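S.K.: Let me give you the structure first, and then I'll get to my questions.
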């Protein structure tokens, strides 16, 4: 047994406190340790008395000794160390990392969050240097001709711009990327659906035969809705990319479609001179033909982009742009024409001058757009009223 006043009792109690990781012991009967009000077992030993060194007739008086069993650190310190509290997750188990905020829509950067390497925002960042600064246009392939540069005859493709107008803009905050929607040509309103008619009506634009989006690098590449783009949007001598659908050539074999060399003409070969032969079963993952295998099939009628074509001439009166070299597609095919991705952008003075000229030709585009929206809402209410009356 332990005596409250003997040196041996003090050493024993100190050893007991260290080995069992207990809180400091107190021999004061009025002392009560301060503990949090929630959780944790507390064992009170109010009458631990003993006699070791003293005779039985001279036993020391009873001294209450209060022992407090410790609580787990994570539970005891949770109110004070909340950001570093050990918590358990379903996916990664125990962790002491502070809770992370969720990214906003389209992974826009916010305070306290690292830059992401995937997602829409990171994808736009990776493609920033290859995204054109300006919008492109829709043009119609009219045929081919040639021009002389000095004594050199250069074949050219004639592209015509027909009523090319800006229909809408796509923004990073609303759509996740920057783009300009361009319309070209004209279309009979009787062949347009009612929702699409209302779409054009709200913008004050006649229905278009073709619609396309052209992605731009940032907000500075957006254009006012309703303005018309002419051939002088491009500069003579700059480089452009032309994207269009190639001619459809129907069903073709492996030799014509993929350039296979064919098989032997003799030496036992019979009726298999132009066939592709075996398609190669058991190629790595079982007896099957792998996806993407070159085989006979429909040839052509797919998007083809011809890059880095030089602009040879622009003419606003004729509405044409001449580019050096051939492009995909037959005559009458609508193609997409935009500044080249792998070449330097047109010089800034030309870009600023082209934009200023565009706005000068359409000085009241904002007023027209506002009037078109008000007129659209008025007609929409009239149609709804007539529909309810019927």
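From the backbone N, Cα and C atoms, a Cβ is placed for every residue, glycine too.
Quick caveat, the model's predicted, so the values are computed rather than measured.
Copying in the features that TrEMBL gives for the protein in this structure:
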type: REGION; residues: 95-127; note: region 'Disordered'
type: REGION; residues: 260-297; note: region 'Disordered'
type: COMPBIAS; residues: 263-286; note: compositional bias 'Polar residues'
type: COILED; residues: 355-389; note: coiled coil
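Each of these features: where is it, how hidden is it, and who are its neighbours?
M.R.: Under 8 Å from some Cβ of the region 'Disordered' (260-297) lie the Cβ atoms of residues 251-254, all in the same chain and six or more residues away from its ends.
Counting residues 6+ beyond its ends, the coiled coil (355-389) has Cβ neighbours under 8 Å at 198, 201-205, 223-230, 232-233 in the same chain.
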